[in-house]
Amino acid sequence: MIVGVIIGEFVPNVQNAFDTVRFHSVSVPIAIGLIVMMWPILTKVQYEALPHMLPTWTMLTHILISFVLNWLIGPFVMLGLAWATLPDLPTYRTGVIMPAESQLLRHPRRHQQHPADRPLLSFAIFFVNVIGGERAGSAIHVSYGNVAISVLIYLGIPLGAGLLTRAIMLRFTSHTFFYDRFLPIFSPLALLGLLYTILVMFAYQGHHILHNLGPVFRVFVPLILYFIIMWTSAFAFIWWCGKKRSRNSGSIASQPVATISYVFCIELQFE
């Protein structure tokens, strides 16, 4: 991050250089980093096990918990924290509220005009422009087409690459070779992609960060509070429910359910 900020402040025209390499609304340098970062991760997913897992009660419980935490509770918690900590910074407040809606914005499908997906984007805008009370100067105006293209590039390409890589390797090599030899060599690409993405993002915004240190550090407050509140409450509640169910049926262990659910709940902090 420090190296990226230094590059953004002292390297001439670095922001203009990044802006010239774009596909519609997508920054190509950032897209490359995210694709490289997600490719190994999505290659490790055991897609072949999904047909056996989806009909189970455990998986339905995961989906229900994630829906409640990320669609019903999380956005309102972030909205309240943003207004409580940033009442005088409308643009920064909007930037804090939007990550809570990232779960909604990642669902556009392949067809941009699919009517069933428009409520997802409308719900995110509703939180900022209507409930959030933002005025014209700081209200968001999101193009559904740009969001769909971004999702297709940032998620669609690495997902397709991960599926294809896993299928080819398991088809033409052995299970042992794939897990014991290929993945240990291939997996470090995720860390390299993450470091590259962080470098590019902070280089792109380095000048703005250094010249707005006060508001930038104030943004940390609602994000940290959101992390603490959601992490603690989600883990404690899911752990309690899991322990109670385990005593009654012995079918669901509390720790795995709690771990997966609260990690999914707080992972939007990275976004």
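Cβ atoms here come from the backbone N, Cα and C positions, even for glycine.
Distant neighbours of the transmembrane segment (23-42): 143, 145-146, 149-150, 153-155, 157-159, 161-163, 165, 183, 186-190, 192-194, 196-197, 200-201, 204; these residues of the same chain sit at least 6 beyond its ends, with a Cβ under 8 Å from one of its Cβ atoms. Residues annotated as transmembrane segment in TrEMBL: 23-42 (among others).
For 63-84 (among others), the entry in TrEMBL reads transmembrane segment.
The feature transmembrane segment is assigned by TrEMBL to 147-170 (among others).
Within its own chain, the transmembrane segment (182-204) has Cβ neighbours under 8 Å at 1, 3-5, 7-8, 11, 14-15, 18, 27, 29-30, 32-41, 43-44, 165, 169, 173, counting only residues six or more beyond its boundaries. The annotation transmembrane segment is assigned in TrEMBL to 182-204 (among others).
Feature annotation from TrEMBL assigns transmembrane segment to 216-241 (among others).
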